[in-house]
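These come from TrEMBL:
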SIGNAL    1-21  signal peptide
DOMAIN    52-177  domain 'Corticotropin-releasing factor binding protein N-terminal'
DISULFID  Cys60-Cys81  disulfide bond
DISULFID  Cys104-Cys141  disulfide bond
DISULFID  Cys183-Cys205  disulfide bond
DOMAIN    185-306  domain 'Corticotropin-releasing factor binding protein C-terminal'
DISULFID  Cys237-Cys264  disulfide bond
DISULFID  Cys277-Cys318  disulfide bond
Amino acid sequence: MPSAFQFQCHFVLIFLAASRGETRYLEVRDAGEDEPFLLLSEDLKRELSEGQIYRRSLRCIDMLSIEGQFTFTADQPQLHCATFFIGEPEELITIDYDFVNIDCQGGDFLKVFDGWILKGEKFPSSLDHPLPTSQRYVDFCESGNIQRSIRSSQNVAMIFFRIHQPGNGFTVTVKKNANLFPCNVISQTPSGRFTMVIPHQHRNCSFSIIYPVVIKISDLILGHLNGLFLKKPSAGCAGVGDFVELLGGTGLDPSKMFPLADLCHSFHGSAQMKIGCDNTVLRMVSSGKHINRVTFEYHQLDLQETENRKENSIEEFCFPSI
């Protein structure tokens, strides 16, 4: 992939596509290790016999996409560690503390965050999450035995931890739960198809794809009729209450991304857009007065195509083309 689309300024993610083994990298602010995250493949899931619990040790910087029991034991002071959890779009993540041996009084901590944080940017953004940022953290040193099970609000969650004393650590069990109406989602793969439904709820939902992509919207049902147009400073759908917007950028937080297009009307057909940004987000804003639904599919932009666009002096930040 051209360097212009690499995650060198904000974050780098490694996503292992289950069928093809494609990889990318993730960098965390102040991370103490350079070891990449690894999404476990579908092959490993098939190898696990029914009813068997998958177990393994955690690295200081890690990523998990499978259920199981995971243990971290410090072999030296570990001051900047994080584990990122991701499920399928229709899954929520539950993290249970099985065993914790850390020195809270000595400066250790173990915190669960409802979502992801990379380079100071959050997903879901503060505009899209039902809780204020302060309530999205669960600090073991503050809650102790009061809250030993935490469930995410979307298909991603993470834990931060700091452990000074070698030999100390913790064990967690990770489970997946069905989510009937997925709202905020980070895609595990650079291609797929998804239908987002918001049933009479006043909320915003974002679907994030950490790749430059071609995205095709094949079905959109909103509670009103208006127009489809590229977004300009004086134009937009914000006044209509229910709409879909396409965003692009190099960070994780949709609220800090560049608005590319608004879709303000219901239609059955096809609206396609090429977005040459490191991160592409489809975001639905719902007033709660209607049942809103959008169906779309996406696939990664071809390398040659992105290079050709750059040769034609298209803005490097990202290029919209409906």
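Any Cβ shown, glycine's included, is placed from N, Cα and C.
Known features from TrEMBL, placed on the structure.
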residue: Cys60; record: disulfide bond; Cβ within 10 Å: 21
residue: Cys81; record: disulfide bond; Cβ within 10 Å: 23
residue: Cys104; record: disulfide bond; Cβ within 10 Å: 14
residue: Cys141; record: disulfide bond; Cβ within 10 Å: 15
residue: Cys183; record: disulfide bond; Cβ within 10 Å: 24
residue: Cys205; record: disulfide bond; Cβ within 10 Å: 24
residue: Cys237; record: disulfide bond; Cβ within 10 Å: 24
residue: Cys264; record: disulfide bond; Cβ within 10 Å: 22
residue: Cys277; record: disulfide bond; Cβ within 10 Å: 28
* **Arithmetic mean of per-residue pLDDT over the domain 'Corticotropin-releasing factor binding protein C-terminal' (185-306)** => 85
* Using Cys141 (disulfide bond) as the reference point, find which of the disulfide-bonded residues Cys60, Cys183, Cys205, Cys264, Cys277 has the shortest Cα-to-Cα distance to it. => Cys60
* To do: Taking Cα atoms as reference points, rank the disulfide-bonded residues Cys60, Cys81, Cys183, Cys205, Cys277 by distance from Cys264 (disulfide bond) and give the first.
  => Cys205
* Between Cys183 (disulfide bond) and Cys237 (disulfide bond), what is the CA-CA distance rounded to a whole number of Å? -> 20
* **When distances run from the Cα of Cys104 (disulfide bond) to each of the disulfide-bonded residues Cys60, Cys81, Cys205, Cys277, the nearest one** => Cys81
* To do: Write out how many residues of the domain 'Corticotropin-releasing factor binding protein N-terminal' (52-177) are helix, how many strand and how many coil, based on DSSP.
  => 14 helix, 67 strand, 45 coil
* To do: Whole-number Å only: compute the distance from the Cα of Cys277 (disulfide bond) to the Cα of Cys237 (disulfide bond).
  => 22
* **Proximal residue to Cys205 (disulfide bond) among disulfide-bonded residues Cys60, Cys81, Cys237 (C-alpha distance)** => Cys237
* Structure fact -> Integer Å value for the Cα distance linking Cys237 (disulfide bond) with Cys81 (disulfide bond) is 41
